[in-house]
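Asker: Reproduced below are the annotations present in TrEMBL:
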TRANSMEM  65-83  transmembrane segment
BINDING   GLY71, VAL74, ASN78, ASN336, LEU462, SER466  Na(+) binding site
TRANSMEM  95-116  transmembrane segment
TRANSMEM  137-165  transmembrane segment
TRANSMEM  221-242  transmembrane segment
TRANSMEM  254-274  transmembrane segment
TRANSMEM  297-318  transmembrane segment
TRANSMEM  330-351  transmembrane segment
TRANSMEM  450-476  transmembrane segment
TRANSMEM  488-507  transmembrane segment
TRANSMEM  519-540  transmembrane segment
TRANSMEM  560-586  transmembrane segment
TRANSMEM  606-631  transmembrane segment
REGION    673-720  region 'Disordered'
COMPBIAS  691-702  compositional bias 'Polar residues'
Amino acid sequence: MPKNSKVTQREHSSEHVTESVADLLALEEPVDYKQSILNVAGEAAGKQKVADVEDRPAWNSKLQYILAQIGFSVGLGNIWRFPYLCQKNGGGAYLVPYLVLLIIIGIPLFFLELAVGQRIRRGSIGVWHYVCPRLGGIGFSSCIVCLFVGLYYNVIIGWSIFYFFKSFQYPLPWSECPVARNGTAAVVEPECEKSSATTYFWYREALDISNSISESGGLNWKMTLCLLVAWSIVGMAVVKGIQSSGKVMYFSSLFPYVVLACFLVRGLLLRGAVDGILHMFTPKLDKMLDPQVWREAATQVFFALGLGFGGVIAFSSYNKQDNNCHFDAALVSFINFFTSVLATLVVFAVLGFKANIMNEKCVVENAEKILGYLNTDVLSRALIPPHVNFSHLTTKDYAEMYKVIKTVKEDHFSALGLDPCLLEDELDKGTGLAFIAFTEAMTHFPASPFWSVMFFLMLINLGLGSMIGTMAGITTPIIDTFKVPKEMFTVGCCVFAFFVGLLFVQRSGNYFVTMFDDYSATLPLTVIVILENVAVAWIYGTKKFMQELTEMLGFQPYRFYFYMWKFVSPLCMAVLTTASIIQLGVTPPGYSAWIKEEAAERYLYFPNWAMALLITLIVVAVLPIPVVFVLRHFHLLSDGSNTLSVSYKKGRMMKDISNLEENDETRFILSKVPSEAPSPMPTHRSYLGPGSTSPLETSGNPNGRYGSGYLLASTPESEL
């Protein structure tokens, strides 16, 4: 090296000399890269640690990570929404579109999120800033959607906590209607008598619900306390990041499977359980041709895996870079599907039992009506088959008697008010709401309080696992990007969410839960995921991404993923987005209101102010995407490129901020860092010395080259 070179001068001087990388490469001979250290940071030279990636938390074990992903993806939707959709959309026939869409949309996009999180080792904001700065708003939108979902999802955990504590009594408080004393007479509560004990307990005792969304009715103090407990549990679980939430996952992810297994065994031993399961899996093949079935299957696949929330990316970012995320994607997706099918078996075994109980009750009530008509000579005894015994009346005997009476009294049959009491009709009533249908079924269980405690403890754990992932989708990208204190920010989020969540524990709060559940996430998440797919497959480049995955994993992923990411998944997502928009326009948004005087539900449309709130939720969720795009397109917001220089001090290379020409940005030296921590920046971006290029460098596209996370790069010895 020439004696008058600047590098030689620095070796004999303690002063910093900073200049552009282009000048260094043009004037200096190659340095010994293995003896240099590149500190990638945004602060003054000598005052910043080697990049914070070295201090990034990591999972204690692969099992802990897998349980975290399972806990996030397997939630209340698997336990209740999947069986409901299965029953609604053709039973066993629904599994066909679900499996097809799981393979062509679910697993590829789940693998994509796992891969980008693990490769770049940042939360959603840093990941999409790196992949394509102009689409950096995707990460901010994910955070907003996570906030919206977390606000109402924790209210559902609060409901489960309320029922959990109410389960420690026998008989269960929702097993019978309350009796009011009117002087010396005992009168059953009219609202309960018109509906049912479980329905009354849900709407009146638990929610104390108002008649419409416009009637606030004030706070429900019982649910307010339960919401406070729910946010306290979530806060304690996530306050230390994965150090605390990872340990919680061992219980919250595994306990629901223990409960489901217990319920399955108990359910199969119940009378009528087989009727429910046969009804469930009897395929109605005509349903497979209904586009609505495919749309609902796609939406369920989409939400079941937690795509677009940022939780998948956040959890994956704490992995080592050589982790086999290819296998993880298939494993977690399979477990998710298996859980949904297991839950379906449990739900319909129990509901088959409940349907038999209700059908027998129907037979008894209508048999009493027939006896009354026989005693008053409204009906002739000749109409009753001779083998029928009213003291031991079977459903088959009642069906025969009903058919005869209906045939003979055809003209006046409707006036008799007799019901057919068909088991299929009871089964077709569907799964309904967990807090009504399943609780009613459990009142008929032997040792019902035990099963109720287990059921609602399972719901709490399922909700907690999903909430931990949702909170990670908020905290991880914000902490990575803005370097805020982890504990303080997490606690602040929980406190803020609790106070905003008071909206959902008013007497009208259930209607706001419906609004947020139906509209705040569905369309925004669909837009987020399709843009994630486009950013990787069409802007960053599918070939380049596949090359990076090959380098990271040590083997080439199946070509199947290439075609799914490039063509099939974007097309399917575009169709789903279009269908969601059309559905929103064709069906006016509304909600099911409980009318106290009628003791029945009535479908009401949202008033104008609620429609404005609904539209605001959707707009706010997607707004960061166009805002960031416009700001970066017109250079109103820096994307972090064209600002790289280095400063040497006795052989140490430090990153400093200065302005470079555009053609300087791809020419810089990345040297070996003596750290065991994997780098967030793909190694193919390493500059191997003057006059050489990386074997995987494919273009001069600057998109996502230097993220705001100040990335640390390392070059394998073999490349040097």
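Just so it is clear, glycine is given a Cβ too, placed from its N, Cα and C backbone atoms.
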Asker: Using Cβ distances below 8 Å and needing 3 or more such pairs, separated by at least 6 in sequence, tell me whether the transmembrane segment (519-540) contacts the transmembrane segment (137-165).
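Answerer: Contact confirmed: at least 3 Cβ pairs fall under 8 Å.
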Asker: At an 8 Å Cβ cut-off, counting only pairs 6 or more apart in sequence, do the transmembrane segment (137-165) and the transmembrane segment (221-242) clear the bar of 3 or more pairs?
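Answerer: Yes, these stretches are in contact.
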Asker: Just checking, which of VAL74, LEU462 (binding-site residues) has the fewest C-beta atoms within 10 Å of its C-beta?
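Answerer: Among the binding-site residues VAL74, LEU462, the sparsest Cβ neighbourhood within 10 Å belongs to VAL74.
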Asker: Count, for each of the binding-site residues ASN78, ASN336, SER466, the other C-beta atoms lying within 10 angstroms of its own C-beta, and report the residue with the smallest count.
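Answerer: Across ASN78, ASN336, SER466, these binding-site residues, the one with fewest Cβ atoms within 10 Å is ASN336.
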Asker: Which are the residues of the chain, GLY71, VAL74, ASN78, ASN336, LEU462, SER466 excluded, whose CB is within 8 A of where the CB atoms of the Na(+) site average out, their centroid?
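Answerer: Checked against the 8 Å cutoff, the neighbours are ILE70, PHE72, SER73, GLY75, LEU76, GLY77, ILE79, SER253, PRO256, THR339, GLY465.
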Asker: If contact means at least 3 Cβ pairs within less than 8 Å, sequence distance 6 or more, would you call the transmembrane segment (330-351) and the transmembrane segment (254-274) in contact?
Answerer: yes
Asker: At a Cβ cut-off of 8 Å, and with pairs 6 or more apart in sequence only, do we get at least 3 pairs between the transmembrane segment (297-318) and the transmembrane segment (450-476), yes or no?
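Answerer: Between the transmembrane segment (450-476) and the transmembrane segment (297-318), which are separate recorded stretches, there is contact, as judged by 3 or more close Cβ pairs.
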Asker: In terms of Cβ proximity under 8 Å, which residues at least six beyond the ends of the transmembrane segment (450-476) contact it?
Answerer: 68-76, 78-79, 123-124, 142-143, 146-147, 149-150, 153-154, 156-157, 160-161, 163-164, 167-168, 172, 233-234, 237-238, 241-242, 245, 248-249, 251-253, 255-256, 259-260, 262-263, 266, 306, 309-315, 317, 434, 438-439, 442, 486, 489-490, 493
Asker: Taking 10 A as the limit, how many CB atoms besides its own sit near the CB of GLY71 (Na(+) binding site)?
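Answerer: Result for GLY71 (Na(+) binding site): 28 other Cβ atoms within 10 Å.
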Asker: Hey, would you say the transmembrane segment (488-507) packs against the transmembrane segment (560-586), going by three or more CB pairs under 8 A that are 6+ residues apart?
Answerer: no
